[in-house]
Amino acid sequence: MTLRVVRVALTGSGGIGSRVAVALLARRVRYAERFGVDLRLVGAAGSRAGIVGSGGIAVGEFEDRASWALGLTGAAFLAEAAPDVIIDAGPNDYETGGPGLAHLEWALPRGIHAIMVSKSALALHGARLLGLASASSSRVHASGASSAALPAVDFLRHNLAGASVTRVEAALTGTTSFVLDAVTRQGSSLDAAVAEAISRGIAEPDPTFDLDGSDTAAKLVVIAGLALGEWLPFRGITRESVLEVTGARVAAWREAGEKPALVGVLERTATGYEARVEVRAYPREHPFASATGSTKALMVSAEGFGDYTLVGGASTPEATVAAVLKDVEHLLAEL
Ligand SMILES: NC(=O)C1=CN([C@@H]2O[C@H](COP(=O)(O)OP(=O)(O)OC[C@H]3O[C@@H](n4cnc5c(N)ncnc54)[C@H](O)[C@@H]3O)[C@@H](O)[C@H]2O)C=CC1
Ligand SMILES: N[C@@H](CC=O)C(=O)O
């Protein structure tokens, strides 16, 4: 059988990106057998250096960082790699959009598909970027940018296709769920709980983005944009920060046996969806109370369909990689 070559370039080769590269290369036989695709990792770049190999780079070459070419990043890297698909796992910047913005602006008008793990480009510029994608028939998948192993976008877009969704309430940031759990149930200090989330690879490169609600707000924007077709203004979303939670509030939750979580809420109004991020506490019998540690949770109300609760998809690096691999499978099925 002749295999169709699909060339993948990775931008952002840190904790998540590196795992994605290794996992992708380990699945090449599966992609050949299931999709008739010869998937090649034709390049990988970080902030200062990159590697390109048009025949596909092997794990050993990917891992030999000393051999990467200094300065081979950004548009120069993408032009040399000439991919069919980019996977962006770089950092977020909620002022500029982060490096992922330039990567998408380069790729999408050229008909190159994108799998986004970083969030800030879509959170700040999603409507414009999806316009670029639609004009050139590029596909954008963003499980990693919208709650990873909790399949929020897929559930709304596929399982509730065509539904009129009236409300979404979701614990989308594993780090804040983990931290609030540790502080409330185990009596940890905030600093110790955040340090533990960092050491588990769950927290953002800058954990302030988790704690101050930016991560949840960004995921809410991406979910609403990709699944409900409405791109909300990221900066207009009111957010409560976990850093504002007082000791007295924690003591009251502990006393009542409640489970706190930082949640994103979307409510349909006469003029569209309204979004906010807030700390809420759930009684023992509430389904969200079973979402311990970094486990995520989603409640959806949709006209006709009724109400759903999904609990799972805990934030871990492995779960994020699994979500990226899912996006790869969806994309290969579409091509
Ligand atoms: N850790 C997790 O469980 C999850 C992380 N994410 C997202 O994945 C992304 C990466 O997270 P981590 O791997 O944990 O962070 P990390 O800090 O380990 O990796 C980020 C990498 O991006 C590189 N980078 C910086 N500027 C760049 C540029 N201009 N071009 C190319 N690469 C550049 C850095 O050198 C670094 O290696 C973030 O956007 C995060 O929000 C998404 C879902 C879950
Ligand atoms: N920092 C995020 C990682 C995934 O998006 C989280 O805590 O869930």
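Every residue gets a Cβ built from N, Cα and C, even glycine.
Features reported for this protein in TrEMBL:
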type     : residues                                 : note
ACT_SITE : LYS219                                   : active site, proton donor
BINDING  : GLY12, SER13, GLY14, GLY15, ILE16, GLY17 : NADP(+) binding site
BINDING  : LYS119                                   : NADPH binding site
BINDING  : GLU204                                   : L-homoserine binding site
DOMAIN   : 12-141                                   : domain 'Aspartate/homoserine dehydrogenase NAD-binding'
DOMAIN   : 151-328                                  : domain 'Homoserine dehydrogenase catalytic'
*With a radius of 8 angstroms around the mean position of the C-beta atoms of GLY12, SER13, GLY14, GLY15, ILE16, GLY17, what other residues of the same chain does the NADP(+) site pick up?*
LEU10, SER18, ARG19, VAL20, GLY46, ALA89, GLY90, VAL117
*asked:* Any of the recorded positions SER13, GLY14, GLY15, ILE16, GLU204, LYS219 with a C-beta atom under 6 A from ligand 2? Give them in order, or none.
replied: GLU204
*Any idea which of the recorded positions LYS119, LYS219 has the thinnest Cβ neighbourhood at 10 Å?*
LYS219
*asked:* For the C-alpha pair, I'd like the distance in angstrom between GLY15 (NADP(+) binding site) and the residue listed as 'NADPH binding site', rounded off.
replied: 16
_For SER13 (NADP(+) binding site): intrachain residues, at least 6 apart, with Cβ closer than 8 Å_ = ALA21, ALA44, ALA45, GLY46, PHE62, ALA89
_Surrounding CB atoms that lie within 10 Å of the CB of GLY12 (NADP(+) binding site), all protein chains_ = 26
*Tally the residues of the domain 'Aspartate/homoserine dehydrogenase NAD-binding' (12-141) by DSSP class, grouping H, G and I as helix, E and B as strand, and everything else as coil.*
64 helix, 25 strand, 41 coil
*Which of these recorded positions (GLY12, GLY14, LYS219) have a C-beta closer than 6 Å to some atom of ligand 1?*
GLY12, GLY14
*asked:* According to DSSP, does LYS219 (active site, proton donor) sit in a helix, a strand, or coil?
replied: helix
*GLY14, GLY15, GLY17: which of these binding-site residues has the highest Cβ count within 10 Å of its own Cβ?*
GLY17
_Nearest of the recorded positions (LYS119, GLU204, LYS219) to ILE16 (NADP(+) binding site) - Cα to Cα_ = GLU204
_Cβ packing number for GLU204 (L-homoserine binding site), 10 Å threshold_ = 20
*Inter-residue C-alpha distance, GLY14 (NADP(+) binding site) and GLU204 (L-homoserine binding site) (nearest angstrom)*: 12
